[in-house]
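Written out below as structure tokens is the structure these notes cover.
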Amino acid sequence: MTISNPDTVLIIDFGSQVTQLIARRVREAGVYCEIAPFQSAEEAFKRLTPKAVILSGSPASTVDIGSPRAPQVIFDSGLPVLGICYGEQTMCAQLGGKVEGSDHREFGRAFLEIENDCPLFEGVWAKGTRHQVWMSHGDRVTAIPPGFRVVGTSTGAPFAAIADEERKYYGVQFHPEVVHTPDGAKLLSNFVHKIAGLSGDWTMAAYREQAIEAIRKQVGDGKVICALSGGVDSSVAALLTHEAVGDQLTCILVDHGLMRKNEASEVVAMFREHYNLPLILVDAADRFIGALEGESDPEKKRKTIGRLFIEVFEEEAKKLGGADFLVQGTLYPDVIESVSFTGGPSVTIKSHHNVGGLPERMNMSLVEPLRELFKDEVRVLGKELGLPGSFIGRHPFPGPGLAIRCPGGVTREKLEILRSADAIYLDEIRKAGLYDAIWQAFAVLLPVQTVGVMGDGRTYEFVCALRAVTSVDGMTADFYHYDMEFLGRAATRIINEVKGINRVVYDVTSKPPGTIEWE
Ligand SMILES: Nc1ncnc2c1ncn2[C@@H]1O[C@H](COP(=O)(O)OP(=O)(O)OP(=O)(O)O)[C@@H](O)[C@H]1O
Ligand SMILES: O=c1[nH]c(=O)c2[nH+]cn([C@@H]3O[C@H](COP(=O)(O)O)[C@@H](O)[C@H]3O)c2[nH]1
Ligand SMILES: NC(=O)CC[C@H](N)C(=O)O
Ligand SMILES: [Mg+2]
């Protein structure tokens, strides 16, 4: 699906962990952008006809044979180009400069000396001043290509910022996209507005219109089903599609037996109350749990769930007389964590069921109108569409559901124990008025039994781990700092009320190094 936009910035991804933040900053500056992996950058360039290009960082080294490059068409196009870190390095390597490995590596906080005024710094940094930036590199540029001049230096990088104002090419060794470069967002804004001359009038309202247009174009008069979980992503995807193609759309909610307590019926009730959309509830619990029993490898569990989801969607489509398209609420973080770019080891962390977990062959084409967005952006779009607050504010819930919160094998009995503990935990969170302060909270049932004493008798039961995180976009997260009173209260209730759990622990791992879910 392509969102056509007159003022688009193309971000070429070489596998940096923070590429998505470049996209955020550009959109925050009111300019639409899309990220394309370097392997398909040329195709994306032709498809999007962008007005400016940004080259991301990378774990690769330009010094290595076979390391990725920006397609030549970018430099032939005459468009403004900003290279960030590896992006600067490859730009220099490609245009006649030189990059070398260095023993003065810079990771984290560094200081940039402004050697010359330049449009990138306009209104932000003046010549002769010094500013904090964030670096993460080992290689460095040792000679700049003809036409460039140096505009900023740091201890480890003599060419920490370079500019060829004639051709509108800029390169920075530091990362303007991260918050640890406090003025970084302003530099990116200068690039898209002052240098590339883009208007900055892009908003979520515009996105809504463009997405609806793009769905209409993709779907034509085909029949569409939407995988609806009741989460904010799929709800927004369903509403957009409904606005686009009306009654060509049927929504399907799969109760895979891995939902939270009463969730399936609540979602159906909530949707029927607010919307006049055909919604089918499929009971597939036996099928999912049957296939998962005895499987304890997290990736295999995820792939099994992905496969079954599609099988169910295909069967339901058949019952409806066939469907050509499947709408999913896939977001950018689902994509980035599931995809591994060869050449730039942006590695597979986990296969999100709706991306890496999908079977190779599927009868329907995917419609994923939110594939470029982050959760907080989807919430803004949801508001734009008039989605009730009760949907917008819901904590995310992963498609594979409780299965990935039961590390090891899944059984009906374990799921039941976990479901009860999770419901109590969330109830306590709501009662304490903490639901909206927390980004996501849930219980995990560990495959470990411990000894306890209850009512003077010995118990030997499971351990329940509680998780709660704060986050903006799910890409990074910190554990939520509860007061101990709260944790004690929740733990006591869980142990007293749920048979099968005799111990509760709290997970204090941030992301990274952990992930939010346990599998
Ligand atoms: N039980 C389900 N039935 C039908 N589709 C589902 C189900 N669970 C997940 N999906 C599909 O998988 C997609 C990804 O799930 P994910 O949990 O990331 O998003 P969500 O449920 O829409 O939102 P949230 O992240 O807020 O829970 C959903 O957008 C939806 O299309
Ligand atoms: O729909 C989904 N399908 C999946 O397979 C999946 N795995 C993780 N998540 C959710 O994504 C966010 C980040 O999770 P992690 O830090 O565990 O990767 C968190 O909000 C997770 O709940 C998933 N959502
Ligand atoms: N963050 C980056 O883009 C790093 C580029 C390259 N890998 C280096 O170490 O210099
Ligand atoms: Mg969900």
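Cβ atoms here come from the backbone N, Cα and C positions, even for glycine.
Feature annotation from TrEMBL assigns active site, nucleophile to Cys85. Residues or ranges marked as active site in TrEMBL: His175, Glu177. Positions annotated as ATP binding site by TrEMBL: Ser229, Gly230, Gly231, Val232, Asp233, Ser234, Ser235. Feature annotation from TrEMBL assigns domain 'GMPS ATP-PPase' to 202-394.
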Quiz item: Do you know the mean pLDDT across the domain 'GMPS ATP-PPase' (202-394)?
Solution: 88
Exercise. With the Cβ under 6 Å from ligand 1 as the test, give me the qualifying entries from the recorded positions His175, Gly230, Gly231.
Key: Gly231
Quiz item: Once near-sequence residues are set aside, which residues in the chain of Ser229 (ATP binding site), 6 or more away, have Cβ atoms under 8 Å from its Cβ?
Solution: Leu253, Val267, Gly329, Phe397, Gly399
Practice problem: Sort the recorded positions Cys85, Gly231, Val232, Asp233, Ser235 by C-alpha distance from His175 (active site) and give me just the closest. | Solution: Cys85
Quiz item: Any idea what the Cα distance is from Glu177 (active site) over to Gly231 (ATP binding site), rounded to a whole Å?
Solution: 29
Self-check item: recorded positions close to ligand 3 - of Cys85, Gly231, Val232, Ser235, only those whose C-beta is under 6 Å away
Solution: Cys85
Quiz item: To test your reading of the ATP site: which residues beyond Ser229, Gly230, Gly231, Val232, Asp233, Ser234, Ser235, same chain only, put their Cβ within 8 Å of the Cβ centroid of those residues?
Solution: Leu228, Val236, Ala237, Gly329, Phe391, Arg394
Quiz item: If you measure Ser234 (ATP binding site) to Cys85 (active site, nucleophile) at Cα, how many Å is it?
Solution: 35
Quiz item: Near Glu177 (active site), how many other Cβ atoms are within 10 Å of its Cβ?
Solution: 27
Practice problem: Write out the long-range same-chain contacts of Ser235 (ATP binding site), meaning residues 6 or more apart in sequence whose Cβ is under 8 Å from its Cβ. | Solution: Leu228, Phe271, Gly329, Gly382, Leu387, Phe391
